[in-house]
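Asker: Let me give you the structure first, and then I'll get to my questions.
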Amino acid sequence: MADHRDEPLVLGIETSCDETGVGIVHGTTLLADAVASSVDEHARFGGVVPEVASRAHLEAMVATIERALTDAGVKARDLDGIAVTAGPGLAGALLVGVTAAKAYAYALGKPLYGVNHLASHICVDQLEHGRLPEPTMALLVSGGHSSLLLSSDITSDVRPLGATIDDAAGEAFDKIARVLQLGFPGGPVIDRLAREGDPEAIAFPRGLTGPRDAAYDFSFSGLKTAVARWIEAKRAAGEEIPVRDVAASFQEAVVDVLTRKAVRACKDEGVDHLMIGGGVAANSRLRALAEERCERAGIRLRVPRPGLCTDNGAMVAALGAEMVARNRAASDWQLSADSSLPVTETHVPGDAHLHPHPHSHAHSHDHVHETAKDNLYS
Ligand code: KG4
Ligand code: ZN
């Protein structure tokens, strides 16, 4: 059999929120990225409804896997591994992906890799810009997370430097969009309206930017309240709401803080690469301001294209392929969905890696396959 170690062919499944994503990669090359979203089903609730998301994943799963295989022109039996988001995310939604991944891995006799959703958001950039420099600073901004992470090896070492102490950046976009009655999700529509507004029209607060505040933590709930109050006051006075200016000024307050702290973290840690990932990285103003500030600070910026920033299966496949390439231990059949999987746990190795087979190398590629096979027949 050919040695696939450098360019493993891996299928990745992502179901942590409302996107059923199935991606296939060959090393750092993207072959397929099939996504079925249930976002429209949640729109009338103004947020993702976990039960609705879980059911939608169940209904979309097999068709999305088949579409990815067809798009990639790949036979399932040729895969070197199956990766799946083990967490963090919505428990019921994650469970659908983990169960599907186990079923396919078991039936095909392939190693299974339960991986971390946040590390996947970082690793996806390899599909666009090649291998991640080590170390890489990552600003992860999505509907569920806002974190500054420092990684020296995306398969094993992700160190959190700071995170939001209340709302996530994307959550703030979604909440402000709700106040402005712009629908859900809020990020894309605010991004679009803000282009026609004045970012300096209203001076909204920049959370946690005082000299005594935690340098790398974020807070968006004060901003959210300030924007809501400002709108309420206008409404109470019977004045029209300048929606575009509010959108632009709110967005500016968010991206100003995000980019300022990310650049500062790079400087403090002596890291000259910044990657930005997660759904909010699709924001056009965040991308532009980050570009400007990174250039001024001599930092190289890497941001995947918007389609790879929002949740997708390719990012899971990308991290799975890296796990195979670096001989990380596969997961075992006890793998379960962990809604609060810590960011430091880049993947969920099976127990077997603690008790390596006496005749195999603990971290050899063969062992990875053996682990899955042992489990398959045990
Ligand atoms: O990464 P993602 O798809 O799912 C999570 O893991 O949360 O991120 C979704 C979030 C939503 O809050 C959405 O409003 C936000 O990303 N988002 C944006 C943009 N596109 C999506 N926020 C700001 N500007 C955008 N263009
Ligand atoms: Zn995400």
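Cβ atoms here come from the backbone N, Cα and C positions, even for glycine.
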Asker: For the substrate site, TrEMBL lists L140, V141, S142, G143, G144, G187, D191, N283; sort out which one of D157, D174, D272 goes with them.
Answerer: D174
Asker: Out of D311, D332, D351, which one does TrEMBL list together with H117, H121 for Fe cation?
Answerer: D311
Asker: Distance between S142 (substrate binding site) and H117 (Fe cation binding site) at the Cα atoms, whole Å?
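Answerer: S142 (substrate binding site) to H117 (Fe cation binding site), Cα-Cα distance: 11 Å.
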Asker: Listed binding-site residues are H117, H121, D311; which of them have CA atoms within 10 A of the CA of G144 (substrate binding site)?
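Answerer: Cα within 10 Å of G144 (substrate binding site): none.
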Asker: Between the Cα atoms of N283 (substrate binding site) and D311 (Fe cation binding site), what distance do you get, rounded to the nearest Å?
Answerer: 14
Asker: Around ligand 2, within a Cβ distance of under 6 Å, which of the binding-site residues L140, S142, G187, N283, D311 show up?
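Answerer: Those binding-site residues that pass the cut-off, since their Cβ is under 6 Å from ligand 2, are S142, D311.
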Asker: Out of G144, G187, give me whichever of these binding-site residues has the highest number of other Cβ atoms within 10 Å.
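Answerer: Of G144, G187, the one with the most crowded Cβ is G187.
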Asker: Which Cβ among the binding-site residues (H117, H121) has the fewest C-beta neighbours inside 10 Å?
Answerer: H117
